[in-house]
Each structure stands twice: as C-alpha cells, then as structure tokens.
Amino acid sequence: LTGLFLAMHYTSDIATAFSSVAHICRDVNYGWLIRNIHANGASFFFICIYLHIGRGLYYGSYLYKETWNVGVVLLLLVMMTAFVG
C-alpha cells in the first residue's frame, strides 16, 4: 500500500529520480513517514521470510524436494521483484 503512494510521486528517469525522492520527503504530506514505513515494512517482510525458511530447515522440510524448490523459486522471485521495484 505504501508503495502505491510512493509511486504516485516517484519518477524513474535518471535526471529526476533523486529530486523526486527529495520531493516525497519534503513536499508530500507525511511523505517522510510513508517512505520510512515502506522501508521498515519491507525489512520486516524479509525477516518473516527468513524465519519461515529457518523453520523449514529446523523441521526438515527440505526433504520434500518439489515443495522446497517451489519455495526457493518464490523466494528468488520476491527478491527480484523487491530489487527491481
């Protein structure tokens, strides 16, 4: 949800990307808060994913090859999506 609000004001053009982030933080009402919530929420999301992987390792879920491979593919897709934005 916060990503949608940030995307309304962000431009990915190389010449205006940094100024659009400054615009979000300075000119948008509570833009700094939306940006911080977005960053912290994303970090918490990945912590939850890593805990889920750790739980799978602890309980031996890696023995179910097909299920584990689907999870690895989903993890890679989530990481690629987060990196690209």
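Each residue, glycine too, has its Cβ placed from N, Cα and C.
Features as listed in Swiss-Prot:
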| type | residues | note |
| --- | --- | --- |
| BINDING | His38 | heme b b562 binding site |
| BINDING | His52 | heme b b566 binding site |
| TRANSMEM | 1-8 | transmembrane segment |
| TRANSMEM | 32-53 | transmembrane segment |
| TRANSMEM | 68-85 | transmembrane segment |
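In this structure, His38 (heme b b562 binding site) is part of a helix by DSSP. Across the fold, the C-alpha of the residue listed as 'heme b b562 binding site' and the C-alpha of the residue listed as 'heme b b566 binding site' stand 21 Å from each other.
Ranking the binding-site residues His38, His52 by other CB atoms within 10 A of the CB puts His52 at the bottom.
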